[in-house]
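Here is what Swiss-Prot records for this protein:
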- 89: active site, proton donor (ACT_SITE)
- 23, 57, 58, 59, 81, 82, 83, 114: 5-amino-6-(D-ribitylamino)uracil binding site (BINDING)
- 86, 87, 128: (2S)-2-hydroxy-3-oxobutyl phosphate binding site (BINDING)
């Protein structure tokens, strides 16, 4: 039988960067708090956690790429909130942000985790930032720890 690989939820020694959108900060600040909570609970030192603020979600992939390619981090967590309005802007931004974040991870061979809420309403975004639907920032940080450790196990 062949080998089976998995990542563990132990963040000791991991260095993590977070890229956070300032737009919709009343949501993204809750995502950031959730992410920091997960990192701390799983043993990532606050000294090994860096945060880069960007103006909006569209700028997340560029900054994530710079951090991912720096060689200083085991994972990059991308946090933002894109809320549908009355124009097609939502579709353009959410599509390009998700594609950009995925490309950064593939290009850098590093876990670059998508923690961007795409919601039809402010209420939906609030639900996903720590109320009814959990906190997507917490979830993204937990995923980052697991995948960073999996990547280390894969060599």
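The backbone N, Cα and C atoms fix where each Cβ goes, and this holds for glycine too.
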>> With DSSP assignments reduced to helix, strand and coil, which class does residue 89 (active site, proton donor) get?
In response: helix
>> Using CB atoms and a 10 A radius, I'd like the single residue among the recorded positions 89, 128 with the highest neighbour count.
In response: 128
>> Is it possible to get the count of other C-beta atoms within 10 angstroms of the C-beta of residue 114 (5-amino-6-(D-ribitylamino)uracil binding site)?
In response: 20
> CA-CA, which of the recorded positions 86, 87, 89, 128 lies nearest residue 23 (5-amino-6-(D-ribitylamino)uracil binding site)?
Replying inline: 89
>> Spatially, which candidate from the binding-site residues 81, 82, 114 is nearest to residue 89 (active site, proton donor), comparing Cα atoms?
In response: 82
> Just the number: how many Å between the Cα atoms of residue 83 (5-amino-6-(D-ribitylamino)uracil binding site) and residue 128 ((2S)-2-hydroxy-3-oxobutyl phosphate binding site)?
Replying inline: 12
> So what sits near residue 81 (5-amino-6-(D-ribitylamino)uracil binding site) in its own chain, CB-to-CB under 8 Å and at least six residues off in sequence?
Replying inline: 21, 23, 24, 27, 28, 31, 57, 116, 117, 119, 125, 129
>> Distance check, please: Cα of residue 82 (5-amino-6-(D-ribitylamino)uracil binding site) against Cα of residue 128 ((2S)-2-hydroxy-3-oxobutyl phosphate binding site), rounded to an integer number of angstrom.
In response: 12
> CA-CA, which of the binding-site residues 58, 59, 114 lies nearest residue 87 ((2S)-2-hydroxy-3-oxobutyl phosphate binding site)?
Replying inline: 58
> Which of the binding-site residues 58, 59, 114 has its Cα nearest to the Cα of residue 86 ((2S)-2-hydroxy-3-oxobutyl phosphate binding site)?
Replying inline: 58
